[in-house]
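Student: Among the features that TrEMBL reports, transmembrane segment is placed at 58-83, 104-123, 135-153, 230-254, 275-298, 304-324. Look at TrEMBL and you will find 74-325 tagged as domain 'G-protein coupled receptors family 1 profile'.
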Amino acid sequence: MVTEVRIMVTIGEDIDEDEALGSLLENSAPADHNANFPNSTFPTFLLTGVPGLEWAHAWISIPFCCLYLTALSGNTLILFTVLTEPSLHEPMYYFLSMLSTTDIGLCISTLVTVLGIFWLSALEISFNACLSQMFFIHLFTFMESSVLLAMAFDRFVAISNPLRYATILTHARITQIGLAVITRGTVILTPLVLLLKRLSFCRSHLLRHSYCFHPDVMKLSCSDTKINSAFGLTAIIPTAGVDSIFILLSYVLIIRSVLNIASPEERKKAFSTCISHITAVAIFYNPLISLSFVYRFGKHSPPYVPTLIANIYLLVPPVMNPIIYSVKTKQIQKAVLKLVCSKGTHI
């Protein structure tokens, strides 16, 4: 399942290190960080920008700034529009506002360290700050996967049982789903992060990305990490397994319901309501599949390739989701235009 690929890359899997890249990263770090490290439980880690392109960090920051601004402004606009426009107070748009919230959280989780590296060459991050960033990156990743599952269920109910749609997805039930999304991610990630505190770090403290990832930190430890690896893989079952199976099942049932509609026009109209969600699912997982292939088969690729892909895959969904739903959903288009025009009139 594609979801399994995502979580295995970011949490549970012990990714093979490209020694050439490691050597390059070590040589590019400050001299006092390349020496042998004393055994340390709470070290200071070094983040990585774009290996081999350090001279171009100021220029590379320009497209990253544009992506962050687009993601934050687009998702904030969607969230504000849904909350303030009464005609959008429906289950589908509540779930869309949840998706925008997770995208905003995902952007904020990485923005400080990514732009800090590009603008200020601020490579150092404390152990506790690294764990906090790691927790929120993985939490919002889990939450986005869960919200996409909830949106698939929403489309299934709307198409297969439209008369009971409002009674099944009540405000209370949507609130329960939102709380379950947060609770599931928190319960799974809290022990995963706390288990890192028992490790000692006596090797290089140089991470491979411009933010903290669980396998990246775990591989720097000189302690036994079997428990950490096992728990990371175990975390896949209630997240990747459940989400991917039920998203797939939802669309199997949706397709069956659509094919049972007699009118071709109604059939086309029903399925068109799923296009935005299908696109959102695709852009959420495709960058992770690309990153997985680079780690597996791209060991001879330039060292900056996996780093750039790793940065981009956390930015593509937050940037594209508001664009997709604004273009594909007429109600969102009308509400955004109404909001913008009303603001323009007041000015």
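Here the Cβ of each residue, glycine as well, is placed from N, Cα and C on the backbone.
Owing to the predicted nature of the structure, the values given are computational and were not obtained by experimental measurement.
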Student: Using a Cβ distance cut-off of under 8 Å, indicate which of 104-123, 135-153, 230-254 has the most pairs with the transmembrane segment (304-324).
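Tutor: If we count Cβ pairs closer than 8 Å to the transmembrane segment (304-324), 104-123 scores highest.
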Student: Other than its close neighbours in sequence, what residues sit by the transmembrane segment (104-123), given a CB gap under 8 Å and a spacing of at least six beyond its ends?
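Tutor: For the transmembrane segment (104-123), the sequence-distant neighbours (Cβ-Cβ under 8 Å, at least 6 residues beyond its ends) are 29-30, 46-49, 57-58, 60-61, 64-65, 68, 71-72, 75-76, 79, 133, 136-137, 139-141, 143-144, 210-211, 311, 314-315, 317-318.
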